[in-house]
Amino acid sequence: MPTPKPLVLIILDGWGYAPPSNANAISLARKPNYDKLLTDFPNTLIHTSGRYVGLPPGQMGNSEVGHLNIGAGRVVYMDITKIDLAIENKSLFKNQTLLDAMKHAANGRQLHFFGLLSDGGVHSHQNHLYALLRMAKENGVERVFVHPFMDGRDTLPTNGVKYVDQLQQKMREYGIGKIASISGRYYAMDRDKKWDREKLASDAMLHGRGEGGRYKDPVQGIKESYNKGVTDEFIIPFVCVDDNDQPIGVIRDGDACINFNFRADRARQITRVLARNSGITKDGGRELDAADTLDATIPRDTIPKDLHYTCMTQYDPKFTLPIVIPPDTLTHILANEMAAMNMRNLRVAETEKYAHVTYFFNGGIEKPYPGEERELVQSPKVATYDLKPEMSANGIADVIEHAVEKGAFDVIVVNFANADMVGHSGKIPPTITAVETVDSCLGRVYNVVRKKGGAMLITADHGNAEQMIDPETGGPQTAHTTNPVPFIFVAEDAKKRFSLRPDGALQDISPTMMGILGIPQPKEMTGHDLRVDLTVKK
């Protein structure tokens, strides 16, 4: 078949497959365009979790992992897997970056751990914190404080009280550490430059000012939050105090801090807030995006100086802070193979997923490759996306329609965020609206691509919206799933000529694209073309 132009890769974020049910917002939605594409063109299901994407067995996938695997055309072993192995073989306890932080703290200073406290495995894992606490004990650090960020998004909404109780048990077992503050991830892990949220978290961590109150027992604080209808993700930052009502452990000048989140996108902003006076960049972060707004919202003179701030992974290539697990360099990924063939490609997403179709899709490289253009559509300014389930999908469809009509691009990579971002609310009606909005956009894109003689690959990076009710509790499920996702090959006469093989994974998408585009597949790509040519006699 002739090379289609353009080839459009559509990533329906959070659009997994599960049998129809009252918990499946995708099956409950009216989606005539998607259903027709599924009927008229070759399709299969592919894996997006566990060992298929470089995660521990049974671990649900996520957007970062998904886009890395898609763009790399191979299984990319994730930081969680690397850290798990380092704990297992004890190399983590000999890591020089961590030893330097421990040595700094053992010199009469305080050591602070902070990050997402859960077993969700998307941004962090509580087992990593437990290992760090053991290491601090072994290295003679005396004053250790933990500032947990509560999850409720990649875990059940009220599991946080269990995680805090488990943490306190571990601290008693090891004889080290106290919980100093608690913040919902909504505040401490924002990624949309909403500095007012980070201010509430940093006020608790730095100044002992808790908008959510002061508690001797953090479990009591969490339970009171639940009683007010506020679940883990949205817990208003509160401070833990001693018998004299004094904050137990605020971050002070010269302290050591270790952010134990391994996923970068939601660790970046809190790092920018806290490390501005501690060598985050040569210019103290002043050259970074929205630095003036940050300094106006959280004045620089209110931030501690000379922190020994350590990042678990590389949160931003511009940061000059110590890193525990440095990034791998991926070569011969789809992006540089397209560049080598002088192919023009466009990346399109709204704010929430822009980094995924650019930075993560490009193997952790921020700078665009030659021939690569990017179009960012602003996400709506709402507290949570169930309030605006349409998000900016129609704006994305506008961009794609214009780009296809113009005929300037060989490849277009697009992410529709709705099913994932609204699915995280755990609310079925708005998630149905989100799915139906994306379906309408699919119809628009298909019409213009067909008219221009192009082709589409429709898939997802992980599941979410297909499982909105927790089967054990009967309550809302806000986390991703381990379900497979659809993969549809939309092209003229595709159903006559091709079938798609089963048991594929995200690593197979780039090889499939290269097969369609006629680009030789490099040996570094270990995925395989998902197409089976029915016209070739065996």
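Cβ from N, Cα, C; glycine included.
In Swiss-Prot this protein carries:
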type: BINDING; residues: Asp13, Ser63, Asp461, His462; note: Mn(2+) 2 binding site
type: ACT_SITE; residues: Ser63; note: active site, phosphoserine intermediate
type: BINDING; residues: His123, Arg153, Asp154, Arg185, Arg191, Arg263, Ala264, Asp265, Arg266, Lys353; note: substrate binding site
type: BINDING; residues: Asp420, His424, His480; note: Mn(2+) 1 binding site
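The binding-site residues close to Asp420 (Mn(2+) 1 binding site), defined as a CA atom within 10 A of its CA, are Ser63, His462 out of Ser63, Ala264, His462. Taking the binding-site residues Asp13, Asp154, Asp420, Asp461 in turn, the residue surrounded by the fewest other Cβ atoms inside 10 Å of its Cβ turns out to be Asp154.
Other C-beta atoms found within 10 angstroms of the C-beta of His123 (substrate binding site) number 25, with every protein chain shown included. One residue stands out among the binding-site residues Arg191, Arg266, His424, His480 for having the most other Cβ atoms within 10 Å of its Cβ: His480.
Within its own chain, His462 (Mn(2+) 2 binding site) has Asp13, Gly14, Gly16, Thr48, Ser49, Met60, Gly61, Asn62, Ser63, Val65, Gly66, Asp420, His480, Thr481, Val485 as residues 6 or more apart in sequence whose C-beta sits under 8 angstroms from its own. Cα-Cα distance from Asp461 (Mn(2+) 2 binding site) to Asp154 (substrate binding site): 15 Å (rounded to the nearest whole number).
In sequence order, Asp13, Gly14, Asn62, Ser63, Arg153, Asp154, Ala419, Met421, Gly423, His462, Asn464, Ala465, Thr478, Ala479 are the same-chain residues whose CB sits within 8 A of the CB centroid of Asp420, His424, His480, the residues recorded for Mn(2+) 1 being left out. For Ala264 (substrate binding site), applying a Cβ distance below 8 Å and a minimum sequence separation of six or more within one chain yields Glu64, Thr313, Gln314, Tyr315, Asp316. Reduced to three states, the DSSP call for Ser63 (Mn(2+) 2 binding site) is helix. For the pair formed by Arg191 (substrate binding site) and His424 (Mn(2+) 1 binding site), distance between Cα atoms is given as 16 Å, rounded to the nearest Å. Here is what falls inside 10 Å of the CA of His424 (Mn(2+) 1 binding site) among the binding-site residues His123, Asp154, Arg266: Asp154.
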